[in-house]
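For reference, TrEMBL has these:
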TRANSMEM  13-33  transmembrane segment
TRANSMEM  94-113  transmembrane segment
TRANSMEM  133-160  transmembrane segment
TRANSMEM  181-208  transmembrane segment
TRANSMEM  323-344  transmembrane segment
TRANSMEM  364-383  transmembrane segment
TRANSMEM  403-425  transmembrane segment
TRANSMEM  446-471  transmembrane segment
TRANSMEM  477-498  transmembrane segment
TRANSMEM  542-564  transmembrane segment
TRANSMEM  570-588  transmembrane segment
Amino acid sequence: MGAAILSETLAEILIPVAAVIGIVFSLVQWLIVARVKLSPQAPAPSSKSKNGYTDYLIEEEEGLNDHNVVVKCAEIQSAISEGATSFLFTEYQYVGVFMVAFAILIFLFLGSVEGFSTKSQACTYSKDKTCKPALANAIFSTLSFLLGAITSVVSGYLGMKIATFANARTTLEARKGVGKAFITAFRSGAVMGFLLAANGLLVLYVAINLFKLYYGDDWEGLFEAITGYGLGGSSMALFGRVGGGIYTKAADVGADLVGKVERNIPEDDPRNPAVIADNVGDNVGDIAGMGSDLFGSYAESSCAALVVASISSFGINHDLTGMLYPLLISSVGIVVCLITTLFATDFFEIKAVNEIEPALKKQLVISTALMTVGIAVVSWIALPPSFTIFNFGVQKAVKNWELFFCVAIGLWAGLVIGFVTEYYTSNAYSPVQDVADSCRTGAATNVIFGLALGYKSVIIPIFAIAVSIYVSFSLAAMYGIAVAALGMLSTIATGLAIDAYGPISDNAGGIAEMAGMSHRIRERTDALDAAGNTTAAIGKGFAIGSAALVSLALFGAFVSRAAISTVNVLSPKVFIGLIVGAMLPYWFSAMTMKSVGSAALKMVEEVRRQFNTIPGLMEGLAKPDYATCVKISTDASIKEMIPPGALVMLTPLIVGTLFGVETLSGVLAGSLVSGVQIAISASNTGGAWDNAKKYIEAGVSEHARSLGPKGSDPHKAAVIGDTIGDPLKDTSGPSLNILIKLMAVESLVFAPFFAKHGGIIFKFI
């Protein structure tokens with residue numbers, strides 16, 4: 001079969017080096033952002049420096065007091081940072097208890113497979129060989145679960161701290177020009193993107209090498225234990241996404257309904273008591289939640305590929321370079337994203353508002369094109385010319401160029417999903433403009449048009465995912481699907497930079513409004529925010545598409561591990577699982593939507609109370625009680641995130657234990673099929689409603705001006721649509737991709753127990 005060009009030693013050096021490069025690059029970006037001071041500076045002489053640190057400020061031109069503006073921005077930034085930190089610490093206390101409890105559960109379930117025996121056992125796929133005892137698998141799976149959970153929590157927390165560090169700095173840079181503000185927001189997003197991608201890769205690489213000290217030649221057991229890493233990452237992401245999503249949307253809906261609709265004041269007006277909670281929510285939901293979510297996807301796709309590789313020729317022949325192929329893809333991705341980032345921050349300069357969105361889209365295209373070359377090089381040097389891949393009990397012969405196509409098709413499918421998402425959610429195109437136009441006749445037609453748009457937006461992404469699945473499975477079985485998912489996530493650093501840019505810009509606009517900065521600055525931050533809205537939708541599209549591929553790869557690994565030769569949908573055991581699994585995303589969405597509604601109801605009542613009872617609040621003579629609104633969002637999100645989380649985490653355990661692996665395979669297939677559709681339509685519907693509102697508010701075109709201005713009946717109808725869409729695009733939709741991944745990876749981790757002791761009910765029938 002031949003050997004790879006790249007030696008094992010060099011492969012083992014390249015991976016940590018790439019991770020360290022990613023971490024160093026993120027720190028450099030952070031230091032550059034930190035140069036923007038949150039303290040009043042003496043006016044500097046005019047200069048045409050590219051970075052703009054010595055340009056005249058708009059406030060100076062307009063005779064505004066620069067000292068007061070900077071102090072106000074610093075105060076608001078501090079309040080947002082404190083609120084976000086306080087919420088995450090509260091959330092992590094609850095999540096920490098769950099983490100320990102679930103770790104104990106993993107140990108007990110997996111340890112009991114062989115009665116906590118310390119004797120070596122026959123290998124699952126090679127019965128003539130002996131592997132490490134089941135107790136070792138229980139211990140190391142538990143450790144990798146904790147490792148993944150901690151890495152996910154740290155990723156989310158660091159992302160939030162970076163975003164709250166950068167928001168006011170972006171506002172202050174907007175005084176010098178839209179290009180300066182764009183670069184600050186984008187660099188800050190890059191800090192998060194590279195830190196997360198590099199940390200995820202480095203921790204996984206270190207864990208594999210530490211586990212190898214015990215497992216030695218038992219790679220089957222080693223990589224089965226490593227799957228706990230993906231489970232830990234996704235379980236924390238679930239609570240981060242659901243908790244953060246409920247927090248941010250409760251505040252957002254409350255602020256919009258009372259402030260914009262009833263009181264007719266701007267979105268981030270400092271008189272609105274819910275405005276600080278709204279800005280805090282952007283960081284805990286869209287930054288910390290998204291960071292944990294994409295980390296979970298990366299961890300699971302890597303784990304799925306490693307599990308299948310360990311029982312293929314790479315694992316059987318102990319070909320370490322071939323085994324590390326998924327990690328090498330991620331390593332090249334970090335370097336490619338680094339080069340791509342320079343195009344946005346150093347090679348080209350944004351000079352006008354209409355250049356922002358094209359610059360962000362170019363990031364996706366450039367990273368995809370460069371990554372295609374990177375995949376080709378890695379596939380050529382890291383893989384032998386031919387090898388075998390495990391395919392449901394048999395070894396399928398595969399060539400290295402076939403694996404290149406698997407990764408590449410996942411990568412390009414991600415780009416297709418991204419651009420389709422952009423078409424349906426950007427107000428530069430007719431779908432969103434049609435939704436805005438429907439506001440002429442009120443909120444009802446706006447809602448109807450928005451729902452129709454969301455359903456229609458599912459079509460092309462599903463075809464893209466279907467083509468990816470067919471091609472990658474035909475070429476390299478389940479391993480092909482796993483690396484296709486990894487291909488989609490290989491440019492995760494750029495994807496996260498673009499995604500984090502959105503909430504940072506949103507916060508920057510809020511701070512500008514609250515600090516009473518000039519209308520010209522608010523126009524610039526609004527332009528940054530509108531582009532960020534679309535890129536956030538693109539990020540959600542990537543997350544959902546990759547989740548579908550990851551979930552299918554994990555499903556294949558589960559079916560193999562549970563020794564199921566075929567999944568027969570005509571079997572009653574499988575079909576009942578299929579129909580129940582298809583129902584779960586609806587149940588989960590109902591829980592999360594109602595949670596946002598309940599929390600928003602309390603928020604609306606509190607905001608109304610303050611406007612009605614605090615004398616001089618509406619006139620700007622009194623200060624609102626921001627802290628009470630922050631507390632309402634915090635308490636509601638912590639309380640409401642537990643039932644949806646329990647539904648997802650307990651379903652595989654209950655179904656696998658009581659009904660067995662066949663029914664569980666039906667549940668996984670059903671939840672995957674319906675979950676992907678609902679997630680895409682919910683995210684795009686919400687995104688379209690949001691940008692339809694912004695289209696009317698911006699009034700850039702003659703058509704948009706005919707629907708405005710702010711406060712007009714069409715604008716109020718658009719605000720209602722946006723308010724309905726908020727929980728769809730930021731709570732239910734993004735959380736669903738975690739549901740389908742998490743249930744699949746949990747089933748894989750517990751597969752040995754389900755295969756041995758599952759199906760209790762059917763044993764008595």
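From the backbone N, Cα and C atoms, a Cβ is placed for every residue, glycine too.
Because TrEMBL annotations are produced automatically, they should be read as predictions rather than curated entries.
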Top Cβ-contact partner of the transmembrane segment (323-344) among 94-113, 133-160, 181-208, 446-471, 542-564 (pairs under 8 Å): 181-208
Which residues, given as numbers and ranges, are at least 6 beyond the ends of the transmembrane segment (477-498) yet have a Cβ under 8 Å from it? 22, 186, 189-190, 192-194, 196-198, 290-291, 294, 297-298, 301-302, 304-305, 308-309, 312, 325-326, 329-330, 332-334, 336-338, 340-341, 360, 363-364, 367-368, 371, 374-375, 389-392, 396, 398, 402-403, 406-411, 413-414, 468-469, 471, 535, 538-539, 542, 545-546, 549-550, 552-553, 556-557, 560
Non-local residues, at least 6 beyond the ends, that sit with Cβ under 8 Å of the transmembrane segment (13-33): 6, 162, 165-166, 169, 184, 187-188, 190-195, 197-199, 201-202, 205-206, 324, 327-328, 330-332, 334-335, 338, 341, 345, 493
Who are the chain neighbours of the transmembrane segment (181-208) in space, where the CB to CB distance is under 8 Å and they lie at least 6 residues beyond its ends? 15-16, 18-23, 25-27, 29-30, 32-33, 36, 51, 144, 147, 151, 154-155, 158-159, 162-163, 165-166, 169-171, 173-174, 222-223, 226, 229, 233, 287, 291, 294-295, 298-299, 302, 306, 327, 330-331, 333-334, 337-338, 341, 344-345, 350, 356, 359, 492-501, 504-505, 508, 524-525, 528, 532
Under 8 Å Cβ-Cβ from the transmembrane segment (133-160), and at least six residues away from its ends along the same chain, one finds 84-85, 88, 92, 95, 99, 102-104, 106-111, 113-114, 116-121, 192, 195-196, 199-200, 203, 207, 211, 214-215, 221-222, 224-237, 240, 283-284, 287-292, 295-296, 299, 500, 749, 752
